[in-house]
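Novice: Quick one: this structure, given as structure tokens, is what I'll be asking you about.
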């Protein structure tokens with residue numbers, strides 16, 4: 001019943017302001033992606049987002065006009081459309097050539113979720129007002145998630161997730177993380193600790209560049225607190241991929257500026273030194289296990305990944321170019337090889353399910369995103385690289401893949417609407433042939 005009420009709420013928001021509704025769906029329901037519609041396995045984000053798109057298109061057709069931007073930056077990037085189409089075709093070909101019946105509905109749902117929904121998010125962020133609303137909503141959600149993450153670790157229990165599981169039907173992988181480095185691995189309000197860590201990394205860079213290079217009227221106090229909390233919560237997830245992703249973005253910045261002249265640097269050092277008095281054992285275990293993973297029983301290692309790949313190589317050799325179809329790795333290959341269940345890299349599922357072509361499309365997608373962001377803000381070119389490295393070092397959870405498209409769209413629109421001189425647009429009336 002609560003899921004029905006939540007669906008009704010989003011229907012009301014969409015009817016009142018469809019653009020705000022789409023922004024809320026992408027920001028909120030993407031975090032709570034595991035929630036489903038009442039007594040079904042249908043994730044709540046699918047019917048609500050489809051309804052949002054229908055209302056959006058209907059209102060555009062009803063007005064018989066389209067908003068066309070003169071600036072090329074106002075339109076959805078052609079390069080993103082091209083790589084989205086090519087990746088979708090690659091997925092469909094892999095399913096068509098599959099020896100075992102693939103999950104076609106999951107493939108179509110992923111294509112919609114990964115590549116179509118971000119287009120409507122792009123056109124929902126069609127003014128500075130909606131851009132500010134999106135940034136405020138996302139920062140509020142993440143600040144709440146970060147504060148609750150600390151509470152979760154201190155009390156060693158995820159009360160919110162327990163309540164949600166008792167009220168809502170859920171679908172997909174959802175679990176509370178076990179202990180690592182002597183602490184409970186935090187997943188906060190997310191389904192698992194890895195999506196939470198990835199969100200922390202992506203949001204950290206988004207709001208870092210937003211506060212440093214752009215002039216959006218956000219609550220500076222809230223953004224500053226968020227920038228403190230996000231790296232901390234990345235550590236609390238216990239995900240080594242998150243540590244590497246954070247370092248990739250921070251180190252180039254530290255090497256390019258004189259950090260010793262900033263007061264915030266001394267604050268961070270002071271907080272770290274004080275925390276060492278209480279958490280020195282945690283820090284020692286963390287650093288030692290990261291450098292010598294093969295000698296610590298705290299997660300996977302490079303040797304373990306090689307053994308897993310050797311045990312699953314037969315599945316890759318069945319069709320190296322196109323793979324074996326959607327979900328083959330988890331639905332078929334793991335039935336005879338339980339070791340692969342702990343495979344911590346997206347490359348296992350990419351190469352087994354979609355073959356070399358699927359892997360190439362994934363690389364090209366990241367490169368296209370790097371190119372688009374480089375044109376806007378050269379110093380932010382590592383933004384998609386962080387995503388690439390994180391997924392290459394962590395277990396693939398299905399909702400992770402669309403996070404790149406969401407954050408790239410938000411970043412590109414944030415850059416566009418910060419330049420008032422380019423806010424030139426015109427309405428072109430499209431006359432209908434049916435009177």
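A Cβ is built for glycine as well, from the same backbone N, Cα and C atoms used for every other residue.
What TrEMBL shows for this protein is this:
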| type | residues | note |
| --- | --- | --- |
| TRANSMEM | 36-58 | transmembrane segment |
| TRANSMEM | 78-99 | transmembrane segment |
| TRANSMEM | 105-123 | transmembrane segment |
| TRANSMEM | 130-151 | transmembrane segment |
| TRANSMEM | 196-214 | transmembrane segment |
| TRANSMEM | 226-252 | transmembrane segment |
| DOMAIN | 230-363 | domain 'O-antigen ligase-related' |
| TRANSMEM | 264-286 | transmembrane segment |
| TRANSMEM | 354-374 | transmembrane segment |
| TRANSMEM | 386-412 | transmembrane segment |
Novice: Counting only CB pairs under 8 A, let me know which of 78-99, 105-123, 386-412 has the most with the transmembrane segment (226-252).
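Specialist: That would be 386-412.
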Novice: What stretch of 78-99, 130-151, 196-214, 386-412 shows the most Cβ pairs under 8 Å to the transmembrane segment (354-374)?
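Specialist: It is 78-99 that shares the most Cβ pairs under 8 Å with the transmembrane segment (354-374).
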Novice: For the transmembrane segment (196-214), find every same-chain residue at least 6 residues outside the stretch whose CB is under 8 Å from a CB in it, and list them.
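Specialist: Residues 31, 135, 138-139, 142, 145-146, 149, 186-188, 190, 220, 223-224, 226-227, 230-231, 233-234, 237, 239, 241-242, 245-246, 249, 377, 379-380, 382-383, 386-387, 390-391, 394, 400, 403, 407, 410-411, 414-415, 418.
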